[in-house]
Each structure stands twice: as structure tokens, then as C-alpha cells.
Amino acid sequence: MDHTRDPCPWVILNDFGGAFAMGAIGGTIWHGIKGFRNSPYGERRIGAITAIKMRAPALGGNFGVWGGLFSTFDCAIKGLRNHKEDPWNSILAGFFTGGALAVRGGYKAARNGAIGCAVLLAVIEGVGIGFQKMLAGATKLEAPAPPPSNEKVLA
């Protein structure tokens, strides 16, 4: 069991805040550029600021909800699996998160959202494992050369 991480309630809050910040910052950049480009020539700065104020907080909230739900499901799955740490936790948490976020759209939307999110998390986990194995192979230590033998000295 990993004792270096915070307990699950704090991990959930931390992940929610981090996801909200990522969404708000990304939304500021995205909607700022979009508002700037779609405004008339003399009002581009005002158009960018207006677009940021209208849309960036909503995008931050959407990212925050996703991060909070994912972290909640991840902690719940770890608890159900006796605190086992492996990629299946993230894949299952992604499955439940995608399904929960799409459940208002009906059964098919929930199913497709769950499968899509699980596949996305499986790809992310697979790439992470691949990079770990690739980088671990580059750091293997070579055995040192044996010391010279003393046969000539004894003869």
C-alpha cells in the first residue's frame, strides 16, 4: 500500500481543484483566442475578454466535475479491490466516470461514454507503461569488469 499519498478524501479534493484549474486556464487561452478572432477589428480585445468571462469558468467547472468524479470512482475502486494499485483502477474509474457523465442522455449515450472513456484511459495507461519499460531499459547498469587476476604474480 502506498503511504506517500494523501487519504482519498483529500486526493479527491486535490484532483477536483487541479482539474478545475487546468480547465479554467485552458478555457482562458482557447476562448480568448476564439473571441479575439471572431470579433470586429476595433473590438478584438473586448471580444476576447468577454468570451473568456463567459466561457472559461464553465469549461473549468466541466473539467473539475470530470476530475472529481474520476478521482471518486478511482478511490472507491481501490477500496473495493483492497487498495490494489494497478492500471485497472484507472480504466474502471474512467468507465464509470464516462457513463455517469453521459447518463442524462440515455442508455446508449451512457454506454458509449463509458466505453469511450475506458478506452481513452486504457490507451493512456498503456502508453505510460510502454514509456516506463522503454526508459527502464536505458538505465540498466552493466556489470563491472572483474579485477585483474594475480596469477602472474604467484608464478
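Here the Cβ of each residue, glycine as well, is placed from N, Cα and C on the backbone.
In the three-state DSSP assignment, the secondary structure recorded for Cys8 (disulfide bond) is helix. Applying an 8 A CB threshold to same-chain residues 6+ apart, the list for Cys8 (disulfide bond) reads Cys75, Lys78, Gly79. What Swiss-Prot lists as disulfide bond is Cys8-Cys75.
Taken from Swiss-Prot, the feature transmembrane segment covers 10-30 (among others).
Taken from Swiss-Prot, the feature transmembrane segment covers 57-74 (among others), and the record attributes it to sequence analysis.
Residues annotated as transmembrane segment in Swiss-Prot, with sequence analysis given as evidence: 87-107 (among others).
Only residues 6 or more beyond the boundaries of the transmembrane segment (112-132), in the same chain, are considered here, and those with a CB under 8 A from a CB of the stretch are 87, 90-99, 101-102, 105. Annotated transmembrane segment per Swiss-Prot: 112-132 (among others), in sequence order, evidence recorded as sequence analysis.
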Residues sitting near the transmembrane segment (87-107): Cβ under 8 Å, six or more positions beyond its termini, same chain?
65-66, 69-71, 73-74, 77-78, 81, 113-118, 120-122, 124-126, 128-129
CB contacts for Cys75 (disulfide bond) [other CB atoms within 10 A, all chains]:
18
